[in-house]
Every structure is written in C-alpha cells, then in structure tokens.
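Okay, structure first, notes after.
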Amino acid sequence: MSDSKEQRVQPLGLLEEDPTTSGIRLFPRDFQFQQTHGHKSSTGCLGHGPLVLQLLSFTLLAGFLVAILVQVYKGPSSLSQEQSEQDVIYQNLTQLKAAVGELSEKSKLQEIYQELTQLKAAVGELPEKSRLQEIYQELTRLKAAVGELPENSRLQEIYQELTQLKAAVGELPEKSKQQEIYQELTRLKAAVGELPEKSKQQEIYQELTRLKAAVGELPEKSKQQEIYQELTRLKAAVGELPDQSKQQQIYQELTDLKTAFERLCCRCPKDWTFFQGNCYFISNSQRNWHDSVTACQEVGAQLVVIKSAEEQNFLQLQSSRSNRFTWMGLSDLNQEGTWQWVDGSPLSSSFQRYWNSGEPNNSGDEDCAEFSGSGWNDNRCNVDNYWICKKPTACFRDE
C-alpha cells in the first residue's frame, strides 16, 4: 500500500513548478485532503482524490493562459498610448523651441536697452512745468509760423510786436497776468493758423494791440509792493466785518428804511394795503372765481399773482388772520393738472410746496386755487369766496 500511495502522490509534485508567464506560484500540496477522524475509513474518498486535483489544476492553468493572452493583447494599446503622449510632448517642445527662436536676439535686446537708456536721459532733462516755459515755447512756434508767411507790411509789424511781447513776457512778475497772456497767445495761435485772409490778419493785429496794452499795465516791483500792502490792509478790514447776525440786522434795517421811503413817495388807494411796491385789496364780500377776476379788472388790477416767497407769506398771513377762504389768480382750467396764473405764467416748481397735504386732488372738478388755512387748496370755480386784487403803487407828490 505504501508503494501505491507514493505512485499516486508523485504526479502531484509536477504541479509545484513556478509558472513564469503568470508570476504566480501554486502549491497543490495545499489542496491535499486531510483524513477525517471517525469510526469509518475514508478509503473511498481517497480513491477519487487524484482525479479532482487534476481537474482543478487544468482549470487554474486555463485561467492563467487567459490572463496571459489578455495582457498580450493589452500591451500594444498601452504602448500606442505612451507613443501618442510622447508625440504630444515632442510637439510642445517643438513649438516652444520655435517661440524661443522668435525672441529678439541679443543684439536686439542691447539695442532696446540703449533706447531705454537714452529715453530715460531725455526724460531726466525735461524742464520743470511752468507757465512761462509754455508761453516761451508757444511764442517760438508762433514766431516760426509768422516767419514763414509771405512778406507784408502788416505781417512785419506783427512780427515786431511779437518780438517785443516775447521780451516783456520774459519779465512777467504776476501769475494772473501770465495766465491772461497765455490765453491770449492760445487764441492768437489759433488765429495765425488761419492767417491767409486779410480779415484774420486784422483780427490778429487787434489781439496783439490788446495784449500789448495788458503787458504795459503790469505794475513795477515798487507798485507790486504797494498793491500787496493795500491787499493786506483790505484783508484786515474784511476780518473786522460784523458777524452774520449783525449783517442780518443791518439788512433788515435797510429793508425797513426802503419800505418807509416808498410809503412817503408812493401811496395806495383807500382800503388797499401796501407791500413791497404793490397795493393789495382784500374783499369783504364773496364771489365765484370768474367774477373775482372781473372785479379786479374793473379797478385796474389782477386777481393776485404771487411772484415771491415773501409775497406768499404776506398774503397767507392776511388770509389766515381773517380765517377766510380766498381766491388767488391760479387755475388749471386750460389743461387739467397744468396750473397757470391769470397773467399767463406757469406755476413755478418752487411754489408746489405751498399746497396743503394731498392737494391739489381735483375732487369734483376742482380747477381754481384758494388760500385755505396755512396753505393752498383747489376748489370748484363756481364756489363763492373772498378774493385779493393786486396792482403796482402809483408814486406822486402831494398837491
């Protein structure tokens, strides 16, 4: 029995070889069956053991062959992928090399550096920004332009004037005068560009004459000192002016004085009230808006047209004192929402603030304006109200 067991086990040893193609080591010993412990013998099972192991070995070998074939077929595709990536890298390197080849040569870079150096030196030598330098440059260009013009007695005279003006400008002391002359020169330059016409020459000559007069009026240094002292004294005097409240008080006193003077010279008819050069009549009876307009016209006046905030405050006070609703000369009869005075003038936007809250609301065809409480209200024009007429004062001497 021992010899037969050795003969059965011997073929299994052949399966211990290492398959090089797969790289996996298989040990079939691990698959040998262990004899089970029990009361019965396992001789029947061992009789079929070699056949099962052979079938299992063939199955594993077939799996290894399939794996090897898959790797063989996959190899060329991965190689082609690596090749394509190398091609892309090569193309990028080629493009980069071409771009580097297009860069400026060293001599070009040197040339650019020299240009920059020269430019830096030139910028460093630029003169400081001054109005006199600009004027001098303008005069130089202007002189060149005039020098190229056809010979003419008037042009020659202009050239001489410019020469003298150039000398005078070089000694200009005042910045304000420099600015004035610079502006004149700017206009003169524009005119010289259009010189061919005789009328333009005449215009330039007149400009030069005025410019020469302006230069001639520049004060000497001694005069400048005197003017400076005068300005200093004036500044001190301005500093001593009364404060704003004092100024307001003085203004009010002057206003009162003017009003008193007007009353002495100008009078209003009986039962009329004077205010700021006008006479106002406040009715004691009531009429509708249209009849109120007619009543004012009959006495040579107008249903009141308000021209200022002061006048509005004065009239509003007169109306509120008597607690009356009073017509004014304002309506939107011609076009709804467009308010207009009886003299044809439109209602100023600054006067919109005088409407009472929520007014005008056109509630029931309300097209005429009235003084109501502390502001204005729109009401139906056929309602009877008091009214105010306005006309200018008549100034005369007592008989």
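Quick reminder: no glycine exception, Cβ is built from N, Cα and C everywhere.
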Swiss-Prot pairs CYS389 with one of CYS266, CYS268, CYS279, CYS296 in a disulfide bond, so which one is it?
-> CYS296
If you check Swiss-Prot, which of CYS381, CYS395 bonds to CYS368 via a disulphide?
-> CYS381
Could you identify, going by Swiss-Prot, the member of CYS45, CYS279, CYS395 that forms a disulphide bond with CYS268?
-> CYS279
Disulfide-bonded residues CYS268, CYS296, CYS381, CYS389: which have a Cα within 10 Å of GLU366 (Ca(2+) binding site)?
-> CYS381
Restricted to the topological domain 'Cytoplasmic' (1-49), the mean pLDDT of the model is 44
For ASN377 (Ca(2+) binding site), nearby residues of its own chain (Cβ under 8 Å, 6 or more apart in sequence) = PHE325, TRP355, ASN356, GLU359, PRO360, ALA369, GLU370
Protein Cβ atoms within 10 Å of CYS389 (disulfide bond), excluding its own | 23
So around the Ca(2+) site, GLU359, ASN361, SER363, GLU366, ASN377, ASP378 aside, which residues have their CB within 8 A of the centroid of those CB atoms?
-> GLY358, PRO360, ASN362, ASN379
Determine, using Cα-Cα distances only, which of these recorded positions is closest to CYS279 (disulfide bond): ASN92, CYS296, ASN361.
-> CYS296
